[in-house]
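Here the structure comes first, spelled out in structure tokens, and everything after it is commentary.
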Amino acid sequence: MAQHAVYFPDAFLTQMREAMPSTLSFDEFISACQRPLRRSIRINTLKISVADFLALIAPYGWSLTPIPWCHEGFWIERDDEEALPLGSTAEHLSGLFYIQEASSMLPVAALFADDNHPQRVMDMAAAPGSKTTQIAARMGNRGAILANEFSASRVKVLHANISRCGIANTALTHFDGRVFGAALPEMFDAILLDAPCSGEGVVRKDPDALKNWSPESNLDIAATQRELLDSAFHALRPGGTLVYSTCTLNRQENEAVCLWLKETYADAVEFLPLGDLFPDADRALTPEGFLHVFPQIYDCEGFFVARLRKMSSLPAMPAPGYKVGAFPFTPLKGREALHVTQAANAVGLLWDENLHLWQREKEVWLFPAEIESLIGKVRFSRLGIKLAESHNKGYRWQHEATIALACPTHAHAFELSAQEAEEWYRGRDIYPQTPPAADDVLVTFQRQPLGLAKRIGSRIKNSYPRELVRDGKLFTGNS
């Protein structure tokens, strides 16, 4: 790969020389930082198995190299990269994979290590959604995830990625993460805090990432990280697992933050060593059992991951000063719930007891049952998935519900050709040679749901959301 010029402040280089173990070469560190980052993807096992995905893309000639810490993760090389961006492939558009940097798959691998099966998980700094969607896949879309994002502009992107991947067990919030220890004390089985950081590990992706770097800013960021970790630790139930991670390399934002928590809460904090997380993990292992991944070790972004267990309860934090307000939804039960369920099943939308029906005026929603005990304690930006809007003639089923719940082998499923699927993504009506028999059509491609539509005469009326419609060259090569 070609080298690219990375800006390194002198003080940063001095700090890295001090932080790097003697077993690693500083020259190799500089060389690795100058190389462009390898592309990588994670297969979305909520929609397709790894084996089936590999068989599906075999004709494309993509070269996939397994990522050792993530069974469904692969580094990818493509000869057709310039002709067709990875994000415009049919498999990406239908949510079969997520474009995710390899090292950022590490925190979720650590969260679920040692056969850990949490039912209620918080992703405290969730956008753009790579780790939230990875958590959802590991949970099999069961239980519940509270995905929080402090940046308002990034919440929309987070929701879009969750929807594309067909995830139904998630609630979104928009808070400073420091509120959760007080607002939701000891409510979570597992918490991921992928903390905001100085981003020293991302120079392979952004050569100018260190333009505004300074030792003083590292210390300021570390102070915020300690407050976030303190909040997360209070929100974790006794016996629960917390993973703290960053994409930076200095010890102040990494080891020192975790050691501060141990010093503060002593025996309530147990560090869980990560040396057995995957083959060769010991190459990045610190004396404390953390993973401090310098970019030359595994040829990926720089990263830090620590895993710990909460051994006992803590005194409660002061109660939050905000009011949540009245919850605008009511549970849908009895005959009404049965009617909605039967109508949804008739068009191929299926769910189980993990999701419960709720209603707000004419809107019908599905909430993960595991999140319901948090209602009234925190304000949600979005909870579960919107299933339908009721009207005089029945229900208008929502796109995100179709992607998450539709059964592609249902009697109303209608498989499109590649050209027809591309027309669908462009927002155009479909004129199949042999129209479907049913009026309500579950449109699929590669046996994946693309949406619910109406057959009108010989055409299928496009229902793809306008905000998702794609322009330019897509997977058939036509513009």
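The backbone N, Cα and C atoms fix where each Cβ goes, glycine too.
A quick note: this is a predicted structure, and the numbers were derived from the prediction, not measured.
Record check: Swiss-Prot places Ala125, Ala126, Ala127, Pro128, Gly129, Ser130, Lys131, Asp176, Asp194 at the S-adenosyl-L-methionine site, and the matching candidate among Glu149, Glu186, Glu200 is Glu149. Gly129 (S-adenosyl-L-methionine binding site) carries neither a helix nor a strand DSSP state and counts as coil. Of the residues the record lists as binding S-adenosyl-L-methionine, namely Ala125, Ala126, Ala127, Pro128, Gly129, Ser130, Lys131, Glu149, Asp176, Asp194, the two whose Cα atoms sit farthest apart are 20 Å from each other. When other Cβ atoms within 10 Å of the Cβ of Lys131 (S-adenosyl-L-methionine binding site) are tallied across all protein chains shown, the result is 26. The local packing around Cys247 (active site, nucleophile), expressed as other Cβ atoms within 10 Å of its Cβ over all shown chains, amounts to 24.
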